[in-house]
Amino acid sequence: MSAHDEYELPRAKRVPYGFREFALRGQHRHNLAWILLLSPSQSDISFPLKSAKQRSGGEFREFPEPYSNTNTVRYRVASIPHRLRNKNKVMESLDYETMDNQVFRKDGEHRARHSKIILNLVIGAVIGLVAYFIAFMIETIWAARLGLLNLDLPLAARVVLYVASGTASALVAGLLVVFIAPAASGAGVAMVMSNLNGLNVPSLMEVRTLIVKTVGTFLGVASGMPIGPEGPLVHIGAAIASFFTRQHIFKIRLFGREIVLYESHNNWLDFFHSDAERRDFLSSGAAAGLAAAFGAPIGGVLFSLEEASTFWNSMTTWRALLCTTMATFVLTLLHTGGTLGAPGLIKFSELDHMYQVWELAMFSLVAAVCGLLGALFCHVFEFWTTRRPKSVSGKLIEIAIIATACNLLLISPLIFPSFADQGRCFTPPHGNTGDGVWDETVDNKIMRHNCEEGEYNDLLMLMLGNRDNVIKLLMEQTRDQLLVDGWFAFLAGLVAYVSCMAACDVATPAGLFMPGIFIGAAFGSAQGSLMNYLLRMAGAHEAANSMDLGLYALVGATAMLGGIFRSAICLVVVMMEGTSKITYMLPLLLCVSISKSVGNFFNESVYDIQIRVKHVRFLHAPTPPATEEERHTVVADIMSKDVQVVQAVEKVETVMSILRSSTKNGFPVVTTHNVDGRPMHFIKGMVLRHQLLALLEHRHLWANEQCNLPGNCSQPVHDHPRLVPFNDTPETRHAMYQTMVTYFHTSCFYNRASASLPEKVDELEITPSDEACYLDIRPYMNLAPLTVQSNCAVWRAFKYFRTMGLRHLPVTSDDTGALVGILSRQEFMHGH
């Protein structure tokens, strides 16, 4: 293997200069043959991990050059086993910048605005269908499991059946995730955010990930663990949008060669295959997923704008709103059979609560408490996430233990009948009968327990009832009608809070929106009951009689979401759309502001924690420099000086050598001149790695450096009729341009990092006669790329880089204008 890769411990400070990063974890260390420890404070030391060539078959090579960063300890190896490379999938950057080359300037791009609208509507409709399917399966499995408690069997047998069914459901979801699609684990919102930030997250948008996410969501939610479908629906929505905006290729491998059965070239979707175009569709899909969960089209758009998306424009807003509206429209039609109204998986009724001005102080107290609970939740989430089992068996055992414990907690009132007898009997509010709270498919004797027919035991309803219906019940309480006891609401919220901290990041699809709403509603209702009691004790009966506990549940639910996710505007709009009440804007804005501020005082949001724990190179919004060091740090201090360059017309042998020896994805195209007796490179353009691979793969080669005679090259291994034989015409150039734009749709779509491996270059089967030819990069290189001088402040360069969605930012000398370095996402992550 000709390329050298680098391994480093996760705790080491990383300053990569053109090398791929891999984490050296326990089960992988024995794969390395010899390792050289490079430290500025020590001489070069080599030592074996196991037996040298028996483990990896690699040879030991020395790298005498030191590293410039004195705080870095590095480990480099000369040879890496192929199976180890496959396990370490790296998040490569996406190409959001439009290729401004000669072909683009001549032909332009077909914008297809009307097609974008149609495709957004199609994506929204499919998301609505999938959301309805998930909701239907959750209700069906939940009702079936609750029906087990009504069987004519001894109590112990019914308890065992109920708990075993929940554990089995969770285990099936875990098995699907662990063995088929590990990327389907968790809510997936943080990874969707990373994708929209400009990173290709391996396997995140695969079809199998989409299927496992869908099936695992309803199995996990129906298992009894305190998780919800809302977060996974954001991931599902983005994956559906990805499916509709990529080229699909179906091929088989026969006798060592790949045979293409079907390839979707030359159709109207070709216009949407660039990363920048797909980014807007993924933003719409993520928005539609949340909109379907809450029946909040505007809230879904604001969630995508405020939380999920990094890049946004006015047309994205319009198309995302169309997508979210279609998703909620389809879901509503399927839910109601043609009657429009009450969309969403979580169905808030049209509440009719009133509040007094003095209650804003009460709401603020509820919000502060929920903000503290949200911060504590995030702290525990980070603690457990870094300590969860990594092995397959450990993950499955964890799922089984947590699912069993959660179901035992839910059913504890039945295990101890004297405890259930403490529950109070309430009459359901008018109009609820048959609307999920009293499910006609299940005998209600479990919910009644010791109550009369037509009543329910509030403790059992809080523990065993469908979570969406219990949330609705908590929020429908009025000053004239209590529906649950405040003490039992607190107990149910505490059980859900503790169990959610344990279950929120297990190896199953798991969202936090629904449990967060339930926990906040339960605690809000309990705090409202306590305040009501204290007011009565103080003799303020009139004030106590004016309190609507359902509004306190609504405030608590919104504040808890603010404390966990640290969102603001989108949460308020989602709740307002769910309740259909504009009058709640003031208390909801107040409570979200307070809970978010309280949470931010202690730690980050759960999304930011997930991104940091997973070591994602996420580029957050630029902020003004806060310290003198930040103001004085220039790009020369952090840039990569190891820059691989190519000439505008380059020999194939040289290009092959660069591709084999470097894992970089961008190469400045330069002209070389002697200045004061030294050769200096002056940048003329940028060419990406996959552009060079495409030119080589399709044998667009010239016989001479003047590029006036096609090269006598070998036959391409894989090619398309529109590109063979090579003939330099405007049509052929445009076809090659489209091939470059859609390169990753037919190669390495789910793991772009594999395109940087030497094996990808070897697959081209370039012959010695090919290496004697030349590549003409001029028609396809990105002309006049944005550059910064070496004395530019880092904070300014970072602002340019992130705002414009760049992947590479060349650095030129402030004296001569020659190329002296390059900036990428890695340099900014480790130097800014």
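Each residue, glycine too, has its Cβ placed from N, Cα and C.
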156-180, 281-305 - the range that TrEMBL marks as transmembrane segment:
281-305
Report, as numbers and ranges, every residue of the chain located at least six residues beyond the transmembrane segment (281-305) whose Cβ falls under 8 Å of a Cβ in that stretch; write 'none' if there are none.
116, 119-120, 123-124, 127-128, 131, 192, 195-196, 229-230, 233-242, 244-245, 272, 312, 316-317, 319-328, 331-332, 342-347, 513, 567, 569-571, 573-574, 576-578
Please average pLDDT over the domain 'CBS' (781-832) for the predicted structure.
89
Near the transmembrane segment (486-504), which same-chain residues lie under 8 Å Cβ to Cβ, leaving out any that are not at least 6 residues past its ends?
225-227, 373, 377, 380-381, 384, 402-403, 405-406, 409-410, 423-424, 458-459, 462-463, 470, 474, 510, 512, 515-516, 518-523, 525-526, 528-530, 532-533, 549
For the transmembrane segment (360-384), what are the same-chain contacts with Cβ under 8 Å, counting residues 6+ beyond its ends?
497, 500-502, 504-505, 519-520, 523-524, 527-528, 531, 552, 555-556, 559-560, 562-564, 586-587, 590-599, 601-606, 609, 613
Go through 117-138, 396-416, 511-531, 551-575 and flag the stretch with the largest number of C-beta pairs under 8 Å relative to the transmembrane segment (317-340).
117-138
